[in-house]
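Student: Annotation source TrEMBL lists domain 'Major facilitator superfamily (MFS) profile' at 82-509. For 83-104, 116-139, 151-172, 206-227, 233-254, 308-328, 398-415, 421-443, 455-475, 487-506, the entry in TrEMBL reads transmembrane segment. What TrEMBL lists as region 'Disordered' is 515-538.
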Amino acid sequence: IHPGLCGFRVVKFRRTGESSRSDEDGVSGEHEVQIEGVRTELEPVELGDGAAVPKEFANPTDDTFMVEDAVEAIGFGKFQWKLSVITGLAWANAMEMMILSILAPQLHCEWRLPSWKVALLTSVVFVGMMSSSTLWGNISDQYGRKTGLKISVLWTLYYGILSGFAPIYSWILVLRGLVGFGIGGVPQSVTLYAEFLPMKARAKCILLIEVFWALGTVFEVLLAVVVMPTLGWRWLLILSALPLLLFACLCFWLPESARYDVLSGNQEKALATLKRIATENGAPMPLGKLVVSRQEDRGKMRDLFTPHFRWTTLLLWFIWFSNAFSYYGLVLLTTELFQAGDVCSISSRRQEVKAKCSLTCEYLTEEDYTDLLWTTLSEFPGVLVTLWIIDRIGRKKTMALSFLVFSFCSLLLFLCVGRNVLTVLLFIARAFISGGFQAAYVYTPEVYPTATRALGLGTCSGMARVGALITPFIAQVMLESSVYLTLLVYSGCCLLAALASCFLPIETKGRGLQESSHKEWGQEMVGRGSHSPGESQE
């Protein structure tokens, strides 16, 4: 500090375009330039205490910057708010999932379907999701996040509307399977969204777009209350595609991920995207040249099993499997437990159900819709709890805690508790298992590098659908033999998933997204800003 500038800080910045590194110099690598007797081009700028850095200045020491640096420098603003709403509309495809619980009993009565055909109508959606999740991840890594997301949403929209015109059972079975095939690509909205978020806001923002899932399920129930008694199930199928239709109208605004463009060698497009974000947010761009990452194969399954990621991939597959297995299992168990009153009464009720003809049907009543709405509302406390703890205790511990609470509540169901206590236990269990699901959606895009991020999320989503496919055999078939064994299976699975969460080798809290699989994990953020070996980096 100059003695004559009391109370002021003097900071030296390089002006835009005055980089001492030429275009021909390697973007990567180090070199030294010694200048003797030549005055440098840095000018002192006086800043009062607490004054903001002028917008024409940024990145005072580096001549190059990475996408991660730019995203952090630009910060969260108007652009990210718009992106939150648009990707949230894609995430509201939960309506297409929630409609299964409403459509099944209606078709069971209207078309006089046997129980196994009703169950197949649900299973075929999960088969479609399971078979396509990895494919959509591969498309998003090979051809871009925006491309994969747009195609999957338009696919879901088209076949979703077409389902409303199905004349017979076989048609609607095929069409709902194709809807499931499209839904398998919608989680790629999280990949695109995460790659535009600064580090401090990433977890909170990903969790907040998960709110659109809960909103979608609530809106579906409310829509069914209005539409089903008057217009019928065909109009419900058509109107349920409204959020995806709105997304299709607005998706032209979506940019391609700058991280993907850099990795695929499209530096100019990535720079233009970053400048667009900076302009919309009213923030400065870093100075110097954008570092072009080493181009590498993208969307290759073998990259998920390199020595550095093999253990992470296998553990995440089991965690996602357990999440869906337990989440959808609880949804199925909730109906049985509510109708029976408690666990102790469920066995006698199952015997009564066995005696009934498989073609006996009951339309959903207003009370049924109310119960559906209340159980769906438990998603919101799950989001709030996860939002509060995920940046305090980390991603791994958040997932582990969610599994442990679910497992504990499952064990408490062994007791012959009354209806009110049963409702509270089921509410808490669903809130935490949905929170664990949301934490997995935060962790998975953060842990994989850009080259395999979409594929990693896609394969994990595929494993979740395997869990969703298997769980009816536990929650419905095994339940007929032993309710206690059924609860024990879910509790044990979640205990193992809690252990798997603890054994994950990488904690992504406070870390940047990895751009290249050829660098050590987190290198982009850890160490770039340090000036002395003793400085600690978070």
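Quick reminder: no glycine exception, Cβ is built from N, Cα and C everywhere.
Locate each feature and note its surroundings.
Tutor: Panel annotation: around the transmembrane segment (83-104), residues 118, 121-122, 125, 149, 153, 156, 160, 179, 183, 186, 189-190, 192-193, 196, 205, 208-217, 219-221, 223-224, 228, 233, 236-237, 240-241, 243-244, 246-247, 250-251, 253-254, 331, 364, 372, 376 of the same chain, lying at least six beyond its termini, place a Cβ under 8 Å from a Cβ of the stretch.
Long-range Cβ contacts of the transmembrane segment (151-172) within its own chain (Cβ-Cβ under 8 Å, at least 6 residues beyond either end) map to 90, 93, 96, 107, 111, 113, 117, 121, 132, 136, 139, 178-179, 181-186, 188, 234-238, 240-241, 244-245, 247-248, 251.
Same-chain residues lying 6+ beyond the ends of the transmembrane segment (206-227) with a Cβ under 8 Å from its Cβ atoms: 84, 87-89, 91-95, 97-99, 102, 189-190, 193-194, 197, 235-236, 239-240, 243, 364, 366, 369, 372-373, 376-377, 379-380, 383, 386-387, 390, 438, 441-442, 445.
With a threshold of 8 Å between CB atoms, the same-chain residues lying at least 6 positions outside the transmembrane segment (233-254) that come near it are 82-83, 86, 89-90, 92-93, 95-96, 99, 102-103, 106-107, 110, 146, 149-150, 153-154, 156-157, 160-161, 163-165, 192, 216, 220, 223-224, 227.
Residues of the same chain lying 6 or more positions beyond the ends of the transmembrane segment (308-328) and with a Cβ under 8 Å from any Cβ of it are 399, 403, 406, 430, 433-434, 436-437, 440, 443-444, 447-448, 452, 456, 459-461, 463-468, 470-472, 474-475, 490, 493-494, 496-497, 500-501, 503-506, 517, 521.
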Student: Looking only at the domain 'Major facilitator superfamily (MFS) profile' (82-509), what is the model's average confidence as pLDDT?
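Tutor: Here the mean pLDDT over the domain 'Major facilitator superfamily (MFS) profile' (82-509) amounts to 81.
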